[in-house]
């Protein structure tokens, strides 16, 4: 018998391996071929307009897809097993890894040890500061009390703006998309007067600093100045409303309309003719305000300009141009001849009229979306709110960067700042009204539940410094204005 050489023996073994491998493949392929044959026979027995060759190609493609999914499924199972094994090893905490992975085990034990040390260090370092933060938060939520006092219902469309008179008698004014402005008794919630002089949505209302005159801006491209005479009704006993913590997290389903389109406002007297009509804008007049002294007014329009008028002559004094897009708001300083205008171009501008010969303009660029409002505070600060979900406090002496930034979870509409308490009220698109101090620390959130609060977007807020029952008002798309009593302890304000 001939003896095989080493090379022939090795080649024979390689052929046997290839043969066994090919046999295993053939065995698998034969199973698939049997299954494919059965499927093809079933396809041949079915009625179809496709040629048999095309149907066979489709079947082969589907088979390949099925095999790919099988492989992915097997890999997924193996990965899950490996994850479970790793989890078991991590749970052991300090046990060595058997097998030849001693190096990895040592590294893992070292990493586990260093991780535990780091965790302990973090706990020790930040335990005290975290406790302080939590304790201050608990004190804020438990001691800051916001109470709903009165609801002012009667408009037949959303309320864009509201304001409170600066002189007696103290009344609340609202501007609505139903083409009307209303004056309300703060104590009783009764409509005292209705202004019907505009032919479009009334977007803004502001009261004269010393006289009984109101300034309204409208979508009819005009601003009106009209006088009013009201007599406050005798206040009735108010039902005791339990005090509600400011962080009321109860939510409710959105309702279509505010309840009570009553006939009360229709019974109150109305004014249909203005004392003065200011015309010169080529677009919607979105806001208007009185300059200090009440002898001039400024208006902001969608025609990208703000106009300064003389009240006595109704003449246009200055046209303030420079914004690249529509204006959204304007505000005047309470004691100086300063005007701030905000725009959809993501900026707001400060106009200085203190020197009649020089009208300086400063541009503030700090937002990334529409600046919905910018208002003055006591001193040299301006607070701006934007659709980019931020509110920023600026120093007029340094406009390069804000001194405080408040980040929220919803777009911010027309904000207001309390002169006495130095608190910022932020109305949001998500029906919330939040309160912050000038350093950006959150103080409270007005309650919003099934029984109280706004049901739709809150458009505006306004503070009342001289009224004991209601010191904050808000209005929105739910066609109602709400009067709140805000009790922020002095200790929280200092923080």
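Positions of Cβ are set from backbone N, Cα and C atoms, glycine also.
Annotated region 'Disordered' per TrEMBL: 1-44 (among others), in sequence order.
Per TrEMBL, the feature compositional bias 'Polar residues' maps to 1-13 (among others).
Residues or ranges marked as compositional bias 'Polar residues' in TrEMBL: 22-31 (among others).
The compositional bias 'Basic and acidic residues' feature in TrEMBL is assigned to 32-44.
Cβ atoms under 8 Å from those of the repeat 'WD' (152-194) belong to residues 200-212, 214, 216-218, 228, 230-233, 235-236, 238, 258-262, 264-265, 268-271, 287, 414, 456, 459-460, 462-464, 466-467, 469-470, 473-483 of the same chain, restricted to positions at least 6 beyond its ends. Annotation source TrEMBL lists repeat 'WD' at 152-194 (among others).
Cβ atoms under 8 Å from those of the repeat 'WD' (195-226) belong to residues 157, 160-167, 173-183, 270-279, 281-290, 292-294, 297, 299-301, 309, 311 of the same chain, restricted to positions at least 6 beyond its ends. The repeat 'WD' annotation in TrEMBL covers 195-226 (among others).
According to TrEMBL, the region 'Disordered' annotation covers 240-269 (among others).
The feature compositional bias 'Acidic residues' is assigned by TrEMBL to 246-264.
According to TrEMBL, the repeat 'WD' annotation covers 278-319 (among others). If you average pLDDT over the repeat 'WD' (278-319) in this model, you get 96.
With a threshold of 8 Å between CB atoms, the same-chain residues lying at least 6 positions outside the repeat 'WD' (320-361) that come near it are 283, 286-292, 298-308, 367-376, 378, 382, 384, 386, 388, 396, 399, 414, 419. Annotation source TrEMBL lists repeat 'WD' at 320-361 (among others).
Residues of the repeat 'WD' (364-404) grouped by DSSP class, helix first, strand second and coil last, total 0 helix, 22 strand, 19 coil. Summarising the annotation, TrEMBL assigns repeat 'WD' to 364-404 (among others).
Assigned with DSSP, the residues of the repeat 'WD' (320-361) fall into helix, strand and coil as follows: 0 helix, 27 strand, 15 coil.
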